[in-house]
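Inspection log for the structure reproduced underneath, given as structure tokens.
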Amino acid sequence: MVPVIALVGRPNVGKSTMFNRLTRTRDAIVGDLSGLTRDRQYGEAKWQGRSYILIDTGGISGDEHGMDEKMAEQSLLAIEEADVVLFLVDARAGYTAADQMIGEHLRKRNKRSYVVANKIDNIDENLARAEFSPMGLGDAIPVAGAHGRGISQMLEIALREFPRDEDEPEEGVEVEEVAEGQEAKRIPGPSEKDGIKIAIIGRPNVGKSTLVNRMLGEDRVIVYDEPGTTRDSIYIPFERNEEKYTLIDTAGVRKRGKIHEEVEKFSVVKTLQAIKDANVVIFVMDAREGVVDHDLNLLGFALEAGRALVIALNKWDGMTPGERDFVKIELERRLFFVDFADIHFISAMHGTGVGNLYQSVQNSFKSAVTRWPTSRLTQILEDAVSEHAPPMVGSRRIKLRYAHLGGANPPLIVIHGNQVEKVPKSYVRYLENTYRRVLKLVGTPIRIEFKGGENPYEGNKNTLTDRQVNKKRRMMSHHKKADKKRRDKR
């Protein structure tokens, strides 16, 4: 399970600056989903091989009578969702009554919490530690979030109890090569014993629970149904047609008589963790509402994680032909960026079309974890360049030399060449589409990474055989005799 870290504290103590530094800004996947997250912002980050989910809160304010429950609501929810709480305080402002209130709340919740003394620039660290020691949460960790000072120490302390990622190759490490002439293979992953892990995600009230219960119908073999904590999703291994799957339910599996709730509880943390743990994501939408902005935000989660994707338009029954045509046009217009994903029109309540989801799940998973030999990927690259060469950069043309597989789920193709940093986005899309078409990839995003530098074979010397050595000597002797004859004639 991916750990969750919450940043809490008074307003203006540097939480957002810290959030942006840890997520590198562009890694933040969602911010301020109206009506769902309000003052909380979620992002993914990674430090020394450990992935984690980061929650930024809007701030907690308090007075001598206690914390303002309305203003602190989202921050308190973030504390409940978190495995670790980083309690930011302002070292310049010193220890305040609001800090005391927050510290008391954290002690009562018995959460793993660390005081982080931010804005430590030009301030004695020992004095800062001493000032915040009365909170009883241990020594404060001195940092300067704006300049990155002390960040490594803070993360080392916060994440030391959590293991490193196991399902992703280290940066720069190639996946195992496939022998020349050998067929493409599936890459076995850590989830093999439980089969394909499927995450069911979507906005509240689109029918996720109904779909989960339909997929776990009487003709399925449910191995067990063991819920985790209130924050955890439910992992349910089951079998269908002798194929193993593990369903990750973010809404919670309910008995058939209890699935008709007005509003499902929505948790961004559950969604992020489910996507991170899954091999394939089934994204559920309400066909009657069409594509809304919240759908696009949630799709961004799956794309950022690079997971294989299947889209299910639920509540398709009961719609008129005109309404269905309009929805299809909207899908084509607004979901063009996930045109690689299969779209199914289903009714989870009645079971219409649900069985077809499994074939798309299988196809998407196979595309996401298949590996190909370097020779195959390089040949596709050469054919693509031959058909449509990269553009000129000044008086020189970009040269793409060879390609190899750099990772899976999603497939990562690493292309080596010269001036690769100048490859335009349009040409990257052309290469992505070419690889997708030739390799017949469905349901998975594909990523291309460029690497420049020298030829890796430069400096290698060929070792001549004895026959080649003797031939070389004869040729050199012949040339010497010919040169001598020309000189004698002069």
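Note: Cβ is positioned from N, Cα and C throughout, glycine not excepted.
These come from Swiss-Prot:
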DOMAIN    3-166  domain 'EngA-type G 1'
BINDING   9-16, 56-60, 118-121  GTP 1 binding site
DOMAIN    196-369  domain 'EngA-type G 2'
BINDING   202-209, 249-253, 314-317  GTP 2 binding site
DOMAIN    370-454  domain 'KH-like'
REGION    452-490  region 'Disordered'
COMPBIAS  470-490  compositional bias 'Basic residues'
Near the compositional bias 'Basic residues' (470-490), which residues from the same chain, at least 6 beyond its ends, have a CB less than 8 A from one of its CBs?
464
With every protein chain in view, how many other Cβ atoms are within 10 Å of the Cβ of Trp316 (GTP 2 binding site)?
21
Binding-site residues considered: Asn12, Thr57, Asn205; fewest surrounding Cβ atoms within 10 Å belongs to Asn12
Give me the CA-CA distance between Asn205 (GTP 2 binding site) and Ile120 (GTP 1 binding site), in Å, as a whole number.
46
Work out, from DSSP, the number of helix, strand and coil residues along the compositional bias 'Basic residues' (470-490).
20 helix, 0 strand, 1 coil
Applying a 10 Å Cβ distance cut-off over all chains shown, what neighbour count does Gly202 (GTP 2 binding site) have?
26
Using only C-alpha positions, which one of Gly202, Lys208, Trp316 is spatially nearest Asn12 (GTP 1 binding site)? These are the binding-site residues in the record.
Gly202
Give the number of CB atoms, excluding that of Lys15 (GTP 1 binding site) itself, located within 10 Å of its CB.
26
The domain 'KH-like' (370-454): DSSP-derived helix, strand, coil residue counts:
31 helix, 27 strand, 27 coil
Restricting the comparison to the binding-site residues Lys15, Thr57, Ile120, which residue's C-alpha is spatially nearest the C-alpha of Lys208 (GTP 2 binding site)?
Thr57
Gly9 (GTP 1 binding site) to Trp316 (GTP 2 binding site): how many Å between their Cα atoms?
46
